[in-house]
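A.B. asks: My questions all concern the structure below.
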Amino acid sequence: MNRRTLLLALGVGVPAGSALGWGLSEWMLRSKRASAPRSSGMQQPIGSPFALVDHTGQRVTDATYAGQVRLVFFGFTHCPDVCPTGLGYIAEVLDGLAPQEAAAVRPLFISVDAGRDSPELLASYVTNFHPTLIGLTGTEEEVAQAAKAFRSYYNKVPTGGDSYVMEHTASIYLVGADDMLRGFLDTHEPVPTAVAKIRLALGSAALGAAKAEDRSS
Amino acid sequence: MKRRTFVAALPCMVASGASAQAQPGLFAENAWSRPALARIGTAVVYLSLRNGGSQPVRLLGGSTPVAERVEIHESVVEGRVARMRARPGGVVVPPGGVIRFEPSGLHLMLIKPAADLKAGQGFTLTLNFENGATFAVPVQVAMREPAAGHGAAH
Ligand SMILES: [Cu+2]
């Protein structure tokens, strides 16, 4: 009942519109790729290899999360605005999914600030946003390799004294269970749009809609 | 629409004594902050500044008992890359205009919070204007923007 209401509420405008937008942007990227083969497009394998440590202190690699739909966001804990905005958005999106759907998604926050972001600091940081959020960090080299695996950019910018900020790719990667880049979430888009994108990646969108239709007929 | 009514009905801004005279018609709306850890050393405040007066007003910065310094910053996302820059010259609110300090854009950055900021708590942020006016604004700490959904008026 709950689920059906949710589906109905989302049913008309948002998924149709966002699916259209999604398809369109994918198509545009594809056609762009045809003329510029080196541009990073959709449906390319992404995110390997890497070896990092999670916020509980466990060593992990790309294989740890292989076969699962992933949301991947690069940032740093000292980032006051863009990172909390991205992580807050991810938290809202996860809460917008049905529990069994959310349980099938691995949200990864990869620190680009190896110098300051220890697993222990990440633990106190990520759990503020969502209980399922996973913080990853490592040595400078490990972090650099992880960023490279996702074709992600970051750079240290001194801000006077020994303080600094990191500039970094702010996209939220949506990676399919097949390790393909399915696209990006955009914090300017309404949460239901991101939910619809993830459902597409989970392959549960069609399934859920069919179920709702079954029940109403 | 609903949001503006809510804001107008709520005395979000308290003019502090004499400065109220200096700047009639200036309103701070929807001031909120995110939970933050003191050991990390940064926090943020978002709000909207509405200038109903006939003169432009320049916000230079602010101060708060909960942090060492307050600076005006701006996040800029260009080609998927997020950068942050200081706005030491402040921000002008034109007459009849609104300046929004909002996620992934202009923000008031709190440097070195004295203690953790927790959702549900409140604190005061004093805004300093070029003309000498100051305003004490009550700020609410929350996980997400209070009383406004995503994608409200851009
Ligand atoms: Cu800032």
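A Cβ is built for glycine as well, from the same backbone N, Cα and C atoms used for every other residue.
Keep in mind that this is a model prediction, so the values were computed, not measured.
TrEMBL lists A:CYS79-A:CYS83 with the feature disulfide bond. Marked as Cu cation binding site by TrEMBL: A:CYS79, A:CYS83, A:HIS168.
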A.B. asks: Measure from the CA atom of A:CYS83 (disulfide bond) to the CA atom of A:HIS168 (Cu cation binding site) and give the result in Å, rounded to a whole number.
C.D. replies: 10
A.B. asks: Give me the count of other Cβ atoms within 10 A of the Cβ belonging to A:HIS168 (Cu cation binding site).
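C.D. replies: Result for A:HIS168 (Cu cation binding site): 27 neighbouring Cβ atoms inside 10 Å.
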